[in-house]
């Protein structure tokens, strides 16, 4: 007789408990056990109560265990309920311990197959039962996770009309759903009190300093949109700034040409994505937005100051270049139009497209092509948590016809789709790789650029971790080329995420181990650090509306000397629009109570010792980095926390 000890763990989340009968079958290379009812005096499988242990006896050893079969049957007169087991651990007669990760809702009477936690690629499989299990899993997944698209020319998305259409595995937890709906209710019905009561250190600072040139320039390095600024060595042909215009801003110590070509102290913001588009109509009133060009100057004391602003792309007599030497309200109003344009560019391109929509592409491709037992699934599944549902909600409540952004943002009307298409057309692989992007934009030596400093450090930590895990499972390049599941994953991303456009630089196949390491690093960084960098500070910098207006009610000025305080106040959005925009920023910046930080792996998918040790090392490095960030921030008037690992979420979940 062969005795097996089976320990069943129910996940510690609300509603994970089941009152149904649970049955299990062990399947080994030498045979299988009887289907066994797991019963004892302990009764119900409760969530968060640790585990329940059972003994099973077989006539002889089953050999190396390959998989387990689980099914759940309701008691007489009871309804079928939902159960979320986390794992099953089996101790064999030979003294081996086999762990079977589950982390899967079981909601029906069907038999579900689960493999051991040891990561295996398809080419590693030697058992026909294991291969069959893999095939059945992927057949089910490709039926559950289907590609769709929001609009032609957009990255692919998950085919679902509402959150209830999503597989239960990827839906919000009860805690997350309850908190999200409650917060959304507050935003919808209590916006005035929210705006008054919710303040942060940075929103207070913005309220006090929003008119200042120094704060204006600082935001392009460290606020919610640090992605537009780039070094300028030659003025664009459509931005005819002259030496005489900026002479006083350069403090007479240098020439514009020398600052551009030799010293590298001139930087450009170009909002060409917004050019030629009509602004929204809000409450039956026409709105306005600009497509500015802005020059920023790094001063000898390392401040980044605006020195010239042109509010439209085409130069002309009705499109003056505004300067710091102009009247107070001419200059201030020009900056207000730039800050409003920045909100449009940030929300649609930098935030929505480059984090949310890409994260959805990565998630759907993973779930369609990579089985649970594959090392890539184990590595990336934490970085897909809640992404599919949050994106459905984003379209429904923000981007749809009655969404907040559609109704209340300057770019929220019919032209938001065109802005997104332009953004997709400019999307490149190198721009998603932080080291390459920083170099391409010439930001290597700009002082006080904490997005760059923390982003490069976080990228490096993630890259080393990914390299360790990937190189543990792929010993050489030929193993990468032979892994068809891996190749299917990147091909799906290339075809559906980047529309099969080779000009993006996105690989359509992998040939080497370093290629895999680099791309997986992009996936993890995009879903965690990058999303945090462009999302978490929205309320900090947008909570004081004049600093980041969601829309503007007057057209950009076409002449100088006409703007007054009254002009500015008439240009800013009305109270209702302001309330909707500000409260939405607060909602999007609010951390969930079931937040899972970067580097945390609450689901134990990895079984082998080396990757588990790599996770521990990864967590240690992140903790040390967090301490470094906190030490630096203690000496700053404005702390930069958005890439502090302690506040970076594992996935795009808000």
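Please read every residue number as a count from 1 along the shown chain.
Note: Cβ is positioned from N, Cα and C throughout, glycine not excepted.
Just so you know, TrEMBL annotations are computer predictions that nobody has curated.
Database features (TrEMBL):
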type	residues	note
DOMAIN	2-120	domain 'PLAT'
BINDING	81, 82	Ca(2+) binding site
SITE	105	site 'Essential for stabilizing binding to COTL1'
DOMAIN	120-654	domain 'Lipoxygenase'
BINDING	351, 356, 531, 654	Fe cation binding site
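Rounded to the nearest whole angstrom, the C-alpha distance between residue 81 (Ca(2+) binding site) and residue 654 (Fe cation binding site) is 28. Assigned with DSSP, the residues of the domain 'PLAT' (2-120) fall into helix, strand and coil as follows: 0 helix, 58 strand, 61 coil.
It is 22 Å from the Cα atom of residue 654 (Fe cation binding site) to that of residue 105 (site 'Essential for stabilizing binding to COTL1'). Here residue 531 (Fe cation binding site) comes close to 355, 356, 359, 649, 652: these same-chain residues lie at least six apart in sequence, with C-beta atoms under 8 angstroms from its C-beta. Highest local Cβ density among the binding-site residues 351, 356 belongs to 351, counted as other Cβ atoms within 10 Å over all protein chains shown.
Just so you know, of the binding-site residues 82, 654, the Cβ with the fewest other Cβ atoms around it within 10 Å is the one at 82. Summary of the Fe cation site environment: with the site residues 351, 356, 531, 654 set aside, the chain residues having Cβ atoms within 8 Å of the Cβ mean position are 352, 355, 359, 390, 534, 535, 588, 652. Confidence across the domain 'Lipoxygenase' (120-654), taken as the mean pLDDT and rounded to a whole number, stands at 93. Residue 105 (site 'Essential for stabilizing binding to COTL1') is 7 Å away from residue 82 (Ca(2+) binding site) when you measure Cα to Cα. Residue 105 (site 'Essential for stabilizing binding to COTL1') and residue 351 (Fe cation binding site) are 31 Å apart (CA-CA, integer value). The most densely surrounded of the recorded positions 81, 105, judged by C-beta neighbours within 10 angstroms, is 105.
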